[in-house]
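These notes concern the structure reproduced below.
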Amino acid sequence: MASKEIFIAVIGAGGVGKAFLSQLEGLSKRLSANASSPKLSLILVSRSTKTLYSPQYKALPFLNLATSLADSTNKPLSLTEIIDFLAAAPAKVVLVDNTSSQDVADSYPQVLSRGISIVTPNKKAFSGSYKLWQDIFSSAASSGAKVYHESSVGAGLPVISTLKDLVETGDEVTRIEGVFSGTMSFLFNSFAPTEGSGGKWSAEVKKAKELGYTEPDPRDDLNGLDVARKLTILARLAGLQVESPTSFPVQSLIPKALESVGSGEEFMQRLPEFDSEMEETKAAAEKEGKVVRFVGSIDVAKKEVKVGLEKFDRSHPIAALKGSDNIISFYTKRYGANALIIQGAGAGGDVTAMGVTADLIKVLGQL
Ligand SMILES: NC(=O)c1ccc[n+]([C@@H]2O[C@H](COP(=O)([O-])OP(=O)(O)OC[C@H]3O[C@@H](n4cnc5c(N)ncnc54)[C@H](OP(=O)(O)O)[C@@H]3O)[C@@H](O)[C@H]2O)c1
């Protein structure tokens, strides 16, 4: 008997997209060795200005895919054209959104309502308006299409699947707390290490930028919004109706006077003027024998979500984090005082793509 064919479409071929395509090639090869497994056919790959697709729904070859996409002379398809093309496919389709595009995220309800499943590391859909969140899951429920987004929090770390398992098996999640940004992790682990004194704040930001740990304009990390988006997703999964990532307190580490400076370069030049503020915060924590860290927390019973600086004993797992790792602690009724802790790399193409590929495997098992 011929294997069931499942079509895969990939939007976004950057750091995560390229790593995902390589993992997809491996998965597809492994599945083809087993006649009872589905046959995966990649039918579309797109970037912001390029689309490579097979109008006859024939599988695109993986060999030299990035070059074929870059060299493609196809007229790029609009999002609407992509959705129409996928909805007309003669078999089930999984759309993999490896962009950070709000437009693509906004289209999920439409995609799902047309029976196309989605897997994605893109946070935008799940941390946008609560209405978009509801529309996504109601569209999926009525069409039967699946939607998975493990890598939208903590990259490939099993954060979302663990929280879902806790909730769905009837545990009571009381509190979630952690370091959700690799950039913030790196900055504070070197600015306020558990041993030694650490560097000046502006020097640590400069070092992180040079090592490629920050966005091109570090204000996009320091404003706390990325962490707020992740907290929004987890709070909603824990049952809180969080309206948006700006509907709870989020501490920005951008000095007021530098919020409106024109460029990232100017921001970096002027940041040393404000080192004393961060020095005071560090010294205040040290006086109590603690270190300062940038954390997000959700108190489920009090329905409180917040993001910002907090002090931790040097022996606390959050204080002892290394490099740019993430740590997420789930406090629940079953686990009692000793939290269930997930820790490890929370960024990087390969680990993020691993979460996306693992989601795809879950979807394949249900189609
Ligand atoms: N990198 C990580 O460590 C990490 C960790 C966790 C989650 N994530 C999430 O994973 C996603 C991808 O991250 P990344 O690091 O791979 O980003 P990236 O390197 O900037 O790649 C983004 C890709 O999306 C494409 N794209 C953007 N808008 C598009 C649109 N409207 N239509 C089609 N293609 C579009 C870009 O096209 P061009 O190539 O033409 O520019 C690019 O190929 C993001 O949502 C990010 O937040 C990343």
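Including glycine, each Cβ sits where the backbone N, Cα and C put it.
All annotation found in TrEMBL is predicted automatically rather than curated by experts.
Listed in TrEMBL for this protein:
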type	residues	note
ACT_SITE	Lys230	active site, proton donor
BINDING	Gly12, Ala13, Gly14, Gly15, Val16, Gly17	NADP(+) binding site
BINDING	Thr99, Lys123	NADPH binding site
BINDING	Glu215	L-homoserine binding site
DOMAIN	12-150	domain 'Aspartate/homoserine dehydrogenase NAD-binding'
DOMAIN	158-361	domain 'Homoserine dehydrogenase catalytic'
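The subset of recorded positions (Gly12, Ala13, Val16, Glu215, Lys230) lying with their Cα within 10 Å of the Cα of Thr99 (NADPH binding site) consists of Gly12, Ala13, Val16, given in sequence order. Break the domain 'Aspartate/homoserine dehydrogenase NAD-binding' (12-150) down by DSSP state and the numbers are 60 helix, 21 strand, 58 coil. Rounded to a whole value, the Cα-Cα separation of Gly12 (NADP(+) binding site) and Lys230 (active site, proton donor) is 21 Å.
Residues from the recorded positions list (Ala13, Gly15, Val16, Glu215, Lys230) with a C-beta closer than 6 Å to any atom of ligand 1: Ala13, Gly15, Val16. In terms of C-alpha distance, the listed recorded positions Lys123, Glu215, Lys230 place Lys123 closest to Gly17 (NADP(+) binding site). Straight-line distance linking the Cα atoms of Gly15 (NADP(+) binding site) and Lys123 (NADPH binding site), rounded to a whole number, equals 16 Å. Counting only the Cα atoms, the space from the residue listed as 'L-homoserine binding site' to Ala13 (NADP(+) binding site) is about 18 angstrom. Among the recorded positions Ala13, Gly14, Val16, Lys230, the residue whose Cα lies closest in space to that of Lys123 (NADPH binding site) is Lys230. On the backbone, the CA of Lys230 (active site, proton donor) and the CA of Val16 (NADP(+) binding site) stand 18 Å apart. Classification of Glu215 (L-homoserine binding site) by DSSP places it in coil, neither helical nor stranded. Fewest Cβ neighbours within 10 Å among the binding-site residues Ala13, Val16: this applies to Ala13. Every protein chain shown contributes to the tally, and the Cβ of Glu215 (L-homoserine binding site) ends up with 14 other Cβ atoms within 10 Å. Local packing around the binding-site residues Gly12, Gly14, Gly17 was summarised as the count of other Cβ atoms within 10 Å of each Cβ; on this measure the leading residue is Gly17. With respect to Cβ neighbours within 10 Å, the recorded positions Lys123, Lys230 differ, and Lys123 shows the lowest count.
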